[in-house]
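Here's the structure we're looking at; comments come further down.
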Amino acid sequence: MALLKVKFSQKKRVKLAQGLWLMNWFSVFAGITVFSMGLFLKIELRKRSEVMDNAESHVVPNSLILMGILSCAFNGFAGKICYDSLDPTKFAKWKPLLKPYLALCFLFNILIFFVALICFLMRGSLESTLAHGLKSSMKFYRDTDTPGRCFMKKTIDMLQIEFKCCGNNGFRDWFEVQWISNRYLDFSSKEVKDRIKSNVDGRYLVDGVPFSCCNPSSPRPCIQYQITNNSAHYSYDYQTEELNLWRRGCREALLHYYTSMMSSMGAIVLFVWLFEMSVMVGLRLLHTSLESITNPEDRECESEGWILENSLKDTIKSTLESLKKIGKSNQVEADAKVAEGEEGGKTPAIATVS
């Protein structure tokens, strides 16, 4: 028994073809949207590539760009088929290509579904990328005179100001790195010497943060140095004072920004996938309804369309049997080649009569 068998009159076939033609062009615009989203996300990721550890995060935008291009190509082609299906003479040239095309459409829809899933599941990989990237970038904050790293200070300052964040996980991360360049340190000062000698790596570590960590909304002037020293500031208690610094770490801020963006894109791609599936089903119904016309000369006759010629169970069973037959035939051919090779390797015996 065929799956989702539907009877079609000439009028219904025309309406289906016209509806599918329109849906295919909507899908082309959807493909352009997906392509644009991928391009936008790629640009956004490249803007902050200095604070990312690897290129894994570009899997999502690259996939979206590819799916967008394929969607435009597949749906543009399908639109042409639907338009030509209104004329039997024009449709005849597409008949041999429809089954392979529908198989490609099925694979394409599987890919779209997986791209939508990737958009939702990239959080873990992105979090690890940001954590390592930000940690490395903070170490280079002071290298304003080093070629290739001189831009890092500006990049991190702009990042902290734009996303209202401080450090990797929080402002205390700046206590663990030397973010002040040696160029601006007075090595004749006892305080500087003591601080450098106080740690094994010989770094100048302070309980302070860059100016970009300051929250301008705070009524108190920014306390960015000696943050943990209560006696250094009037009416100040480090433990209870509402610090005038950004509390949130930049990893969390960037992660929220990118994951919310990717989740929105994933929802749009999922909607595109559902739309593409409906187009594929409609195209399959149109294909089978045109193939099942008993009298091609009678354009007004009724025909039947279906998704699968047999039930889902029977279709899966016959597909598995076909795959087994292909596997067996390949095995037989391989055995025959091995046998031929063995016979060719043997030297014929020459009998001598004395």
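Including glycine, each Cβ sits where the backbone N, Cα and C put it.
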Candidate ranges 79-101, 194-216, 332-354 [criterion: TrEMBL lists as region 'Disordered'] | 332-354
What same-chain residues lie close to the transmembrane segment (20-41): Cβ under 8 Å, and 6 or more beyond its ends?
-> 60-72, 75-76, 78-79, 82-83, 261-262, 265, 268-269, 272, 275-276, 278-279, 282-283, 286
